[in-house]
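Annotated features, as they stand in TrEMBL:
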type	residues	note
DOMAIN	138-496	domain 'SAM-dependent methyltransferase TRM5/TYW2-type'
BINDING	HIS227, ASP265, LEU266, ASP293, GLY294, ASN412	S-adenosyl-L-methionine binding site
REGION	308-336	region 'Disordered'
REGION	364-395	region 'Disordered'
Amino acid sequence: MASQVAACVVDTAEASSSGREHATLDREAFKQILNLVALRVPARQCADMMKAFRGFTLDRPRLKCIVNDGDPPRKDTKLLLLEEGVTLESLTLELRGRVEADKLEVQTHQVTLEYSMLSADAVLKKLLPEGVDAPSSFETIGHIAHLNLRDEQLPYRHLIAQVLLDKNPHLKTIVNKVGSIENEFRVFNMEVIGGEQRLETEVTQHGARFKLDFSQVYWNSRLESEHLRLVGTMERGQVLVDMMAGIGPFAVPAAQKGLTVYANDLNPRSTHYLAVNVRLNRLGDGVRVFNMDGRAFLRLLCDTPSGPAADIRRQKQQQGQQPAEEPKQQQEPEPVSAGIAVPQAAAGAAAAAAAGTTAAAEGAAASPAVGQPAKRQRTKERVFEAQGPVPPVPESFTPPVGGIMFDHVVMNLPASAIEFLDAFNGAFDPVAWADRPLPTVHCYTFKRANETEADIVAKAEGYLGGPMEAGACVVHTVRDVAPNKLMLCLSFRVPKAVAFNSRS
């Protein structure tokens, strides 16, 4: 406890009133001299001796249990260091017999233990008062560490952040989640509790690069394996509709695999970084970026009578534009129009039809040509990011009569995606889809402890407005997100009775 007081002084009265602690991390206070028992062993038998005395040898991070013997070091012998507190008498009878039989000399050896040699957990255990545990884990997003500190840890948050920065050189910024997620964009409030005030970062997942501002968009590094799993079920040449695409964790790897992707998000900052990531991964002709309400987006692609498709076609005809043909499967997709300014009339029609659509704020601009030299490409990326908002609908996109034909739909908004299943009811043209299978939906949702998988499937059917085919829904458990709360992925083909409801 004395070292704890010397290393960290916290004014708890000030912490409770202002929410900030006045703490000093005295790294010199962690310096400690260990007086250890050492056995002089033949240099050629070090490995054998370490194995024989396992469990009694020095076991500390960044410290070795075999050290040189003397200064200058002797060539024929080494010192085997025993753990602090271990004496010759505390060894087993068998080991004491070996010491005598091999005529191993016993001596004392001093080791200086410093702050740099201790793990973050070991430091925090010394610093934090009794009853306050060190954070057991944190999420890493590029150079940012994301913590969810408990109430009792909050008065020491800046101290915790400083230790994490010291012990993890790749980290530059430490943030703590403040409050719960309550906004429609699923972005939480956060406080920078240590390091740089720099929240734009870059993450790499399975060869794909993702740029993002962690304070403006949703990102969860723990879902990396799920992104890989689901994209692995898709095939080159297929068409993916990503209704809640975020910054592209499904859209980008799917396009890299050779799928044509229509990606949408309601958050204008998400579509900004989605367009940036399309450019960053040189996928401009594989992904089309939309900034709409999810329901309106699906009905646009399907050319649903109640959707905005007919209005957009009418506006383009009035402007004398020729409707663009739908990209065919197995062919190269059309160039991305992520940042091209949509004609005002067409943009207005899409926005008016998209209930709940947020007007696109700052976004990404049109993707320059692919394949330029790396240095020039990076310069272009900076210009690309600064050019303007992503429009609700790309200028070059005109929905064909009967809608786009697609194979998969991803709905990655676990808190509410299941409610958007009502958009599929009556959305599809029975003539256009007569000779091809309806798409497979991958809908993410949560399951509470008092619910069964059957309950979740029934809930999905309730929002769909009709039953799924018997045994057609595959329920995949993604991860535990909280005590008594699981994240699931429901994968099923859109039922014909739902898809063509009220359509002749």
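Glycine residues also receive a Cβ, built from the backbone N, Cα and C atoms like all the rest.
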Query - Cβ packing number for GLY294 (S-adenosyl-L-methionine binding site), 10 Å threshold - result: 25
Query - Cα-Cα distance, maximum over HIS227, ASP265, LEU266, ASP293, GLY294, ASN412, record's S-adenosyl-L-methionine binders, Å - result: 23
Requested in this report: Would you count the other C-beta atoms found within 10 angstroms of the C-beta of ASN412 (S-adenosyl-L-methionine binding site) for me?
Outcome: 24
Query raised in the report: Counting across all protein chains shown, how many other Cβ atoms sit within 10 Å of the Cβ of LEU266 (S-adenosyl-L-methionine binding site)?
Result: 24
Report task. Select one residue from ASP265, ASP293: among these binding-site residues, choose the one with the most other Cβ atoms within 10 Å of its Cβ. Result -> ASP265
Query - Cβ neighbours within the same chain of HIS227 (S-adenosyl-L-methionine binding site) - under 8 Å, at least six residues apart - result: GLN205, HIS206, PRO249, PHE250, PRO253
Report summary line: Looking only at the domain 'SAM-dependent methyltransferase TRM5/TYW2-type' (138-496), mean pLDDT returns 83
